[in-house]
Amino acid sequence: MSGGALGIEIVLVFFLPLFLLHRYGHFRKQHPLVLFGTLLSWYLCFLIVFILPLDVSTVLEWPSQSPDLNPIENVWVELKNTPKVCHKPWSYIPDGILPVFWRVVYWTSQCLTWLLLPFMQSYASSGGFSIPGKIKTALIENAIYYGTYLVIFCSLLIYLAVHPQWQLTWQGLQTISIAAANTWGLFLLVLLLGYGLVEIPCLYWNSSRHGYLLAKTYFKAAKLAKEKSDAEENMDDAMEEVANVNESIGYGHPLRISIDTILRKCPMEIQEKMVRLNTEDSEDESTQRTYPSKRSLVKLHKQVICAGQRHSQTQVQWAILLEEAFHLEDVCKNETSTSHQFVHSFLSSQPPGWLGKYLYTPTIEWYWECVLRQWCYRLLALLLSLLSVAVVWSECTFFSTHPVLSLFAIFIQLAESDYNYLYIEMACFVSILFLCVCVYSTVFRIRVFNYYYLVPHHQTDAYSLLFSGMLFCRLTPPLCLNFLGLIHMDASISHQQRIQTAYTTIMGSMRLLSFIADGFYIYYPMLIVLLCIATYCSLGTRCLNLLGFPQYISQSDDLTSELVEEGRELIRRGTIGWRERYGEQRNLRRSRNGYSELKDNDSPSDNSDSEYDVYDDHFQQT
């Protein structure tokens with residue numbers, strides 16, 4: 001089938017970013033352009049990752065001749081050695097398709113990350129009341145951003161024009177632009193990869209320690225309680241300002257439309273109260289009023305949106321964290337059970353499904369939660385640790401081609417000698433998938449105060465969604481180039497004369513910029529060793545702790561132990577409130593499959609969405 005594998009992957013890959021967007025975004029309450037921009041940026045990046053193994057196997061279709069021998073010697077070598085039959089692989093892609101595909105995907109993603117998404121960020125976070133007003137605000141906020149790029153681009157053109165060695169051609173200009181974007185991406189890529197290579201195995205290893213998870217959950221509860229209190233205080237301050245403005249502007253004022261727009265972002269009970277107060281005040285026309293300016297209303301609108309989003313996030317996160325703590329406490333209590341029957345402290349109000357009633361019985365649940373889960377996580381952590389060691393070793397040795405020291409290059413060359421295309425594609429896919437998990441998981445876990453924070457359960461704001469799309473588009477191309485360097489498929493780094501992949505031909509020859517190809521691209525990834533050591537020793541966590549941002553280190557730390565105790569007390573109070581609120585209802589039915597272990601950024605299943613929607617119905621931006 002000609003190009004059948006490419007078409008199948010293009011269709012199937014679409015469901016991965018769609019699932020992630022459903023998990024973190026909100027289809028009903030967020031602007032369609034925000035959802036489309038985020039979905040398209042994620043989709044293009046996942047396409048590059050999933051299609052690249054097909055590109056590699058296409059290059060390795062036919063036996064390659066040695067560049068060190070003349071044609072007669074090559075023929076003699078082929079006659080001397082018994083040739084192996086080279087069959088056309090199932091994933092064969094005809095010539096000319098991949099170059100066009102890569103050109104469209106790459107330049108579309110770059111236009112998104114450098115031009116459109118920054119503008120959409122400012123537009124989505126603007127407090128304007130009309131489309132022209134939001135566009136004007138976005139242009140003003142991005143003037144410095146776009147102006148800086150314009151100055152750099154003009155300086156680059158002048159430098160190329162006066163330099164006698166380089167000719168100012170369109171192809172050379174494209175190569176230099178790609179090299180500049182990939183250099184910026186590689187700089188950030190190594191930082192995120194160095195963190196993820198250590199953090200991912202440690203995360204699964206620590207997930208097998210129930211005591212550690214419970215203590216960390218208490219720690220998170222103490223931090224989240226403070227954030228929840230601050231969010232409620234900010235929400236009260238915003239509602240107080242809205243009440244003052246609503247009282248000063250009557251229904252006949254021209255700015256009343258803007259006030260009504262702000263009121264629609266408030267909770268329903270606040271809207272009804274302010275409408276009632278405004279109706280009573282309208283009867284007394286002799287009251288002296290002070291009218292706010294249009295600029296102050298724009299600022300108030302943005303403040304209400306941010307306060308509502310943060311309030312909704314903390315309310316939902318607190319409900320999720322309570323369920324997580326209850327589940328971990330149940331696991332710790334059931335570990336010493338002699339009946340081998342898992343008993344929940346709180347029973348689900350929903351009737352058990354067919355799976356929970358007949359397959360996931362209390363006995364099976366006990367063996368999984370108390371015995372098997374921790375051993376599965378430990379085994380997975382060991383496998384991920386071996387992959388991390390292989391990546392670190394290959395990143396430090398991939399420039400050596402004689403002898404070949406990169407483990408990934410050795411595996412690919414062994415498969416290439418046997419023309420095992422399926423093994424080549426699977427090895428490439430597993431390798432690049434592990435690199436992507438280490439990098440992308442860091443993007444999803446990182447938090448920059450309240451400006452960038454991906455919150456599950458449909459609680460991520462538009463600014464963070466678009467920013468994540470920008471990061472994906474800037475990190476994925478250098479990540480794939482780095483992977484091709486690890487397997488010696490990038491001639492600008494390995495300096496081998498061999499057929500190039502369609503992806504590297506689109507990237508252009510980096511030999512035009514020798515100081516980047518022979519310097520930065522080779523030696524900068526070695527910094528990953530120091531970053532892995534720093535992550536393993538928790539240097540970044542300790543620095544944040546010293547700067548006043550509490551981080552979980554160990555229970556021997558005084559600040560950590562205090563927050564753990566504080567969180568334990570908060571969970572105990574939450575247990576009492578939860579029992580008083582839901583105890584009678586949940587004792588009516590018994591469900592064995594209503595709980596699951598949650599990680600830092602996890603949330604309950606989609607079946608429980610309606611339970612938390614009451615918190616955020618009136619706080620999302622429409």
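Placed from the backbone N, Cα and C atoms, the Cβ positions cover glycine too.
Some features that TrEMBL has for this protein:
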- 6-21: transmembrane segment (TRANSMEM)
- 33-54: transmembrane segment (TRANSMEM)
- 104-123: transmembrane segment (TRANSMEM)
- 143-162: transmembrane segment (TRANSMEM)
- 182-206: transmembrane segment (TRANSMEM)
- 221-248: coiled coil (COILED)
- 375-393: transmembrane segment (TRANSMEM)
- 422-443: transmembrane segment (TRANSMEM)
- 463-487: transmembrane segment (TRANSMEM)
- 522-539: transmembrane segment (TRANSMEM)
- 591-622: region 'Disordered' (REGION)
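Taking the coiled coil (221-248) as a whole, pLDDT averages 90 in the prediction.
For the transmembrane segment (33-54), the partner stretch with the most Cβ pairs below 8 Å, chosen from 6-21, 182-206, 422-443, 463-487, is 463-487. Residues 49-50, 52-54, 56-57, 60, 89-91, 189, 192-193, 195-197, 199-200, 384, 387-388, 391, 408, 411-412, 415-416, 454, 468, 471-472, 475-476, 479-480, 482-483, 486-487 of the same chain lie 6 or more positions beyond the ends of the transmembrane segment (422-443) yet place their CB under 8 Å from a CB of it.
Stretch with the most C-beta contacts under 8 angstroms to the transmembrane segment (182-206), considering only 6-21, 104-123, 143-162, 463-487: 463-487. Sequence-distant neighbours of the transmembrane segment (143-162) (same chain, 6+ residues past either end, Cβ-Cβ under 8 Å): 114, 118, 168, 172-173, 176, 180.
Listed as Cβ neighbours of the coiled coil (221-248) (distance under 8 Å, sequence separation of 6 or more from its ends, same chain) are residues 259, 262-263, 266, 270, 274, 277-278, 281, 289-292, 297, 300, 303-304, 307-308, 310-311, 313-315, 317-318, 321, 325, 550, 563-564, 566-567, 570-571.
Using a Cβ-Cβ cut-off under 8 Å and counting only residues 6 or more beyond its ends in the same chain, the transmembrane segment (463-487) has close neighbours at 21, 24-25, 30, 34-35, 37-38, 40-42, 44-45, 48-49, 52, 56, 106, 109-110, 112-113, 117-118, 120-121, 124-125, 178, 181-186, 188-189, 192, 391, 394-395, 398, 406, 408-409, 412, 428, 431-432, 435-436, 439-440, 443-444, 451-455, 493-494, 501, 503-504, 507, 521, 525.
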